[in-house]
Amino acid sequence: RFLAGGFAWFGAWSALAGCAVYSGPVLFAFCRAMQGVGPALMLPNAVAILGRAYEAGSRRQNMVFSLFGATAPSGFVVGAVFSSLLAQRTWWPWAYWVMAVTCLLFAVLSVFAVPATVRDSAHEDGDDSLWQRVDLPGAAAGVSALILFNFAWNQGPVVGWTQPYTYAIMIVGILAFVVFVFIEKKAKYPLIPFGVLKLDSLFTLACIGAGWSSFGVFVLYTWNFVLQFRHQTPLLSSAQFSPVAISGLFAAVGTGIALSNLRPSSVMLVSMVAATIVLSRAMPRKHQGLAASLVNTFVNYSISIGLGFAGTVESNVNDGGLDVLRGFRGALYMSVGLAALGVILALLFCLAEHHRSAVSEKMERESADKLSSA
């Protein structure tokens, strides 16, 4: 139901975003913000359904999750091509109206095609109602912290970091996050049960943050580069990005095969698709939705905050807007640095997992020696 509802919500606000052409940028920006609620409902529930449908750690689950990850580059290319085609050949609002019709169609199909998820018989929530299990104070504090911190980083490059209110907003955002952690520690039904977040999960989330921050910067500035400096049309630029869909598919299939023979931490070095699988394995069955929500949140938030980092670099090296190319290069160097950070974190993850495995094997050998000597 949440999956179908997410598609329906996404479709409805996409239609309104197209109609915003008759109003102005304020309504358009509001509709775009409300659109984001749709994917926030769809993606975690889709991943949770896949996580529950297949045996944890099985070859089939690895391949399904990998193919699910392949939909990101292919969807990006298909969306870019069709939206560019509609914008160039007809009218740009048609890109939103076509997406609205597509989302509403998928909402109807998901009702009939996606099987209902069976609720666990041994449910630990007792007789508490849904509203009793919703951590509203934690949600308010967490969302406030994310919005304020993100706003400060993305507003800083626009108005300049000399404005005191940017620092004030960032400090308030950090304090809100501290309050969020305190609330979650005390809540009966926390949004993020920190007790289930193991070292594997933390390393994985850190890798996701670094990798997707780099990706967001790369896509935005590369796209703007070909439009502004090569003076290409959006449709031609989309066509030049099309190999990403093919390479993404091969990478996803290769990841699914590699995960059956290698540790997920090793695969994380070359493919972020493994992140979803690592978190799915690390979380109990009842927290599969939480794992998917964390991945979705970190992906989207990292893309946004990474653009704030890159914008800060760009605004400080582009000579007050006179040297645009130098600013773009500075932002792309920032992207390279974030990617390198992701590789370093993945290497540390590999070393930590290797050390843990070596210690475990040593303890097993010592136990076996004691039993044999006895």
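A Cβ is built for glycine as well, from the same backbone N, Cα and C atoms used for every other residue.
TrEMBL labels come from automatic prediction, so no person has curated them.
Your range for transmembrane segment, going by TrEMBL and the list 136-157, 268-289, 290-311, is 290-311. For the ranges 23-42, 243-262, the feature annotated in TrEMBL as transmembrane segment maps to 243-262.
Against the transmembrane segment (63-82), the recorded stretches 94-114, 165-183, 243-262 differ in Cβ pairs under 8 Å, and the greatest number is found for 243-262.
Beyond its flanks by at least six residues, the transmembrane segment (290-311) meets 36, 39-40, 43-48, 51, 146, 149-150, 153-154, 156-158, 192-193, 196, 201, 205, 208-217, 220-221, 275-276, 279-280, 282-283, 331, 334-335, 338 of its own chain at Cβ-Cβ distances under 8 Å.
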